[in-house]
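> Mind having a look at this structure? Questions to follow.
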Amino acid sequence: MKILKFQIKDFRNLKKIEYQPSPGLNIFYGENAQGKTNILEALYYLATGNSFRSNKEKTLISYESSSLQVQARYNHQERIIDSSITYGLDGKVFRINKKRASYNHTDRLRIILFSPDDLYLVKGAPYKRRFFLDFLLGQISNEYLFKLDNYRKILKKRNLLLKKEETNSRSFAIINDIFMDLAAQLLISRLNLINVLDEAIQEIYPQINNDGGQLKIRYALSFPVDSGKINLDILKDSLKKQVESETEKEKKRKTTLLGPHLDDMHIYLNEQMARLFASQGQQRNIVICLKLAEIMTFRKIKGFFPIFLLDEVLAELDDSRSNKLLKYLAQSPFQSFLTSVKLEKFEVMDASIFLVKDGCLLGKE
């Protein structure tokens, strides 16, 4: 998947931008608050229907405008797709090839994003890492998103019955069965994904780093599982045993104490827990490798590459790692869009480079 051209209109400080990107690495540079990140945000908004910076959609519309529009034409599995999103007084409308569509459409734009907030993947709370896994699985499978949504609804009902102390009711028994079934299905999807991600990370880390180190990830369940090869039936049995043993604790605390909503992903750098020992620079480097592993995992499962957005990824990286990353991106088969404040000290090659100033795209200065 590669974007052939896109147009952004009345999105934050971007009054009107039209751009035909390179199929490889595209770099937007310039001073802060000029609109670099807004370009990436607009593409992300087109792909997901959400902003990665704000929950208030009204703030996305340019000052003195009543609506915004983002359009893109891209190739997808040997076909040309046109997609657009408009948002204004009449609400939000997403279209694929000029027809109204939903965000689970198979031809939607697929995006992997690196933003400064992703540094919390290493040292942040477990929900950040769960979101990392769920977002990738959602990009890969609409079925996973459907199951995740159902799980959250069932979890809410289960917690409500625990609060009402109705654990002996028939309703609780039925909800318990559904809860365990959905939980096991989500877990097997996450575990399978972790295996593919870990393989990708093992391959990517030495290409970005020359420190001889090793990066790996492991899935941390919120309940014990019988030893041996894990499959769906084993997960269901283990979950059932644990639910039965935890019932009294759950009654006292009036909430569900196990399940995929409480799991974690552990990250190890040179056999040590990264969240405890990794420096700020190492954390950024780890997240970059995780994001590249996302792309390779997506490609392995879906058969095509998503678009890679990198916001201020070069900040806090030394010159050697920055140049190595830029070279890797320039030579990669996927399309990437990167923002940076300055480029003078970097050996940028095979990239389309534009200065962003006052919400406008200018040629390289």
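Glycine residues also receive a Cβ, built from the backbone N, Cα and C atoms like all the rest.
This is the feature table in Swiss-Prot:
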{"type": "BINDING", "residues": "GLY30, GLU31, ASN32, ALA33, GLN34, GLY35, LYS36, THR37", "note": "ATP binding site"}
> Excluding GLY30, GLU31, ASN32, ALA33, GLN34, GLY35, LYS36, THR37 themselves, which residues in that chain have a Cβ inside 8 Å of the centre of the Cβ atoms defining the ATP site?
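Surrounding the site, in chain order, are ASN38, THR339, VAL341, VAL356, LYS357.
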> What does DSSP assign LYS36 (ATP binding site), in three states?
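Looking at the DSSP assignment, LYS36 (ATP binding site) belongs to a helix.
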> Identify, in sequence order, the residues in the chain of GLY30 (ATP binding site) that are 6 or more apart from it along the sequence and have a CB within less than 8 Å of its CB; answer 'none' if there are none.
LYS36, VAL341, LEU355, VAL356, LYS357
> Given the binding-site residues GLU31, ASN32, GLY35, THR37, which one has the fewest other C-beta atoms within 10 angstroms of its C-beta?
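Minimum Cβ neighbour count within 10 Å, taken over the binding-site residues GLU31, ASN32, GLY35, THR37, occurs at ASN32.
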> Report, as a single number, how many Cβ atoms besides its own are within 10 Å of the Cβ of GLN34 (ATP binding site).
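Cβ-Cβ neighbours of GLN34 (ATP binding site) within 10 Å number 19.
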